[in-house]
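As structure tokens, the structure follows; a few thoughts come after it.
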Amino acid sequence: MNANPKFLAATAEVDAAAVAPLPKSRKVYETGSRPDIRVPFREISQDDTPTMFGGERNPPLTVYDTSGPYTDPDVRIDIRQGLPALRKAWIEERGDTELLAGPTSEYGKSRLTDPKLTAMRFDLQRPPRRAKAGANVSQMHYARRGIVTPEMEFVAIRENLRREQYLETLRASGPDGEKLARRLQRQHPGQSFGAAIPTIITPEFVRDEVARGRAIIPANINHPEVEPMAIGRNFLVKINANIGNSAVSSGIGEEVEKMTWAIRWGGDTVMDLSTGKHIHETREWIVRNSPVPIGTVPIYQALEKVDGKAEELTWEIFRDTLIEQAEQGVDYFTIHAGVRLPFIPMTADRMTGIVSRGGSIMAKWCLAHHKESFLYERFEEICEIMKAYDVSFSLGDGLRPGSGYDANDEAQFAELKTLGELTQVAWKHDVQVMIEGPGHVPMQMIKENMELQLEHCHEAPFYTLGPLTTDIAPGYDHITSGIGAALIGWYGTAMLCYVTPKEHLGLPNKKDVKDGIITYKIAAHAADLAKGHPGAAIRDNALSKARFEFRWDDQFNLGLDPDTAKEFHDETLPKDSMKVAHFCSMCGPHFCSMKITQDVRDYAASQGVAEQEALQKGMQEKAVEFVKKGAEIYHQT
């Protein structure tokens, strides 16, 4: 089906699971230089450490939060109304945009006036906005003029994760607070491969990174609901979640539900890859209810407009589609402008040919007309559209390898060089750019991808799908790709596109979305640790401390997926009393290494000696006991 026949705008409601509070967590905000810059975080409370000396306080830990207002109990969520337009004042006060009378794309107009769509249409009351004649409204344009926008300040506060406040709270937590702060912020030196990540992210640093093209802030002026975020090598590694219906599966309600589910678990951006009949309406519902940037592949919808016949695509249809989606508020477009006619023969000897949907569409068009791609030839005209709405480019890798066999071949790298050339064209227009990457790449070949991308694309952010490191595990490609994602994230990729267990097999459901998100949150965080991102180890250290102290609930809640952690624990130790037990089901009460170590520490404290001395003393006592019992290894019982 193309849209759920039961979906009606009048009865649409938020997924209850998306607004349920996470365990022992609360939404907190940090206010910037003006009261309407309120940056959201999730604060996880912890139990005190149970010690023989009366307990040690473990202050709440702040973590990055992508869930938007959905997890704020003070905000009433009604998806029929959409989210609050938090950037509205920022956009208006710049004075470089104007409200339109309504949609200006032909397709947008036709959908708005089609009475058959009334029952499912999102009832948007405000008209779209566009740059005034001659104006450029991109964050890169402001950055290059030396302007620090509220969006840039928002990003800076968000990236710092209230780390300094947390450390100050640790220092003030008790007599050993200073020692505790030192322990919890301890971090192994990283290898950043040239990334220059400051200890404190300032708004000026964000501005400079955006001006240089090393970072982007995807934030369409028609998506005022978005909470600004940055994608760049010198920021936290981000992840994207793909959703979208098809001609045979899912509908509007399910896709909005997937979006809210994805951001609950940590999706930094969401791509709507819908290919069904009601693409326009589905996208409107998603954008109006999304606090994270939304990306699309406009060629998919353009293809639907010509009944799936790639050879019938025209520049005029594609241009109208870009304007339609820009006026809805899409924050970044994947555009496969690097798929050029001369490159197509390079794929002839591949094992898996051209696997990108967008790439194959444009390859077919080029061959049908024996002409250069209109995306390539009209690229400057595309830039004019992008800068009028501040839509960022995600330059698509239409010739990415679809198997390890095809990795790092001539076609892939020819396209990459072209994407670098197009990046400089876009930057001439002050349009923000990131570069898409593979794909399927064996581990030993991954680093070359990152090095060549930095060289050819002038440090524009890299955004990769995995890469998958082996092709033998259908049903487990979230794992095969998570391995590659962690590696390429370490080498410098700015955003990782998740892969779900359903990759190559079918469209993901909610469970698949969550599995993909958690896998990629692990990969992104592992990359941050390996790069030596300041403060990246604090959460690891806090969880390790909770684990050693047998604070089971804190172990669950500090993790990426508290629900699953608690579920696994409860399968073998279900009683509440087991949440304070000093062992788990793996080793049991008598063989727990952490319990034994804790016993040594307690013994040392009671004897007034150091831990090493306590170990020696304990072993001497046991030796005497062994001799007294007859020096026999085994005894009759």
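Cβ coordinates come from backbone N, Cα and C, glycine included.
Annotated substrate binding site per Swiss-Prot: ASN242, MET271, TYR300, HIS336, SER356, ARG357, GLY358, ASP397, GLY398, LEU399, ARG400, GLU436, TYR463, in sequence order, evidence recorded as sequence analysis. If you look up Swiss-Prot, you'll see HIS440, HIS504 marked as Zn(2+) binding site. For CYS584, CYS587, CYS592, the entry in Swiss-Prot reads [4Fe-4S] cluster binding site.
Neighbour count (other Cβ atoms within 10 Å of the Cβ, all protein chains): 24 for SER356 (substrate binding site). For ASN242 (substrate binding site), the same-chain residues that are 6 or more apart in sequence and have a Cβ closer than 8 Å to its Cβ are VAL270, MET271, LEU273, CYS497, TYR498, PRO508. For HIS440 (Zn(2+) binding site), applying a Cβ distance below 8 Å and a minimum sequence separation of six or more within one chain yields THR352, ARG400, PRO401, GLY402, SER403, GLY404, ASP406, ALA407, GLY466, PRO467, LEU468, ASP471. All protein chains included, GLY358 (substrate binding site) registers 23 other Cβ atoms within 10 Å of its own Cβ. Cβ neighbour counts within 10 Å, taken over all protein chains shown, single out TYR463 as the most crowded of the binding-site residues TYR463, HIS504. Across the structure, SER356 (substrate binding site) and HIS504 (Zn(2+) binding site) place their CA atoms 12 angstrom apart. Sequence-distant neighbours of TYR300 (substrate binding site): residues of the same chain at least 6 apart with a C-beta under 8 Å from its C-beta are LEU273, SER274, THR275, ILE279, ARG357, GLY358.
Recorded residues GLY398 (substrate binding site) and HIS504 (Zn(2+) binding site) have their alpha carbons 17 Å apart, per Cα-Cα distance. Taking every pair among ASN242, MET271, TYR300, HIS336, SER356, ARG357, GLY358, ASP397, GLY398, LEU399, ARG400, GLU436, TYR463, the residues listed as contacting substrate, the largest Cα to Cα separation comes to 20 Å. Taken residue by residue with DSSP, GLY358 (substrate binding site) is part of a helix. Between the alpha carbons (Cα) of TYR463 (substrate binding site) and HIS504 (Zn(2+) binding site) lies a span of roughly 20 Å.
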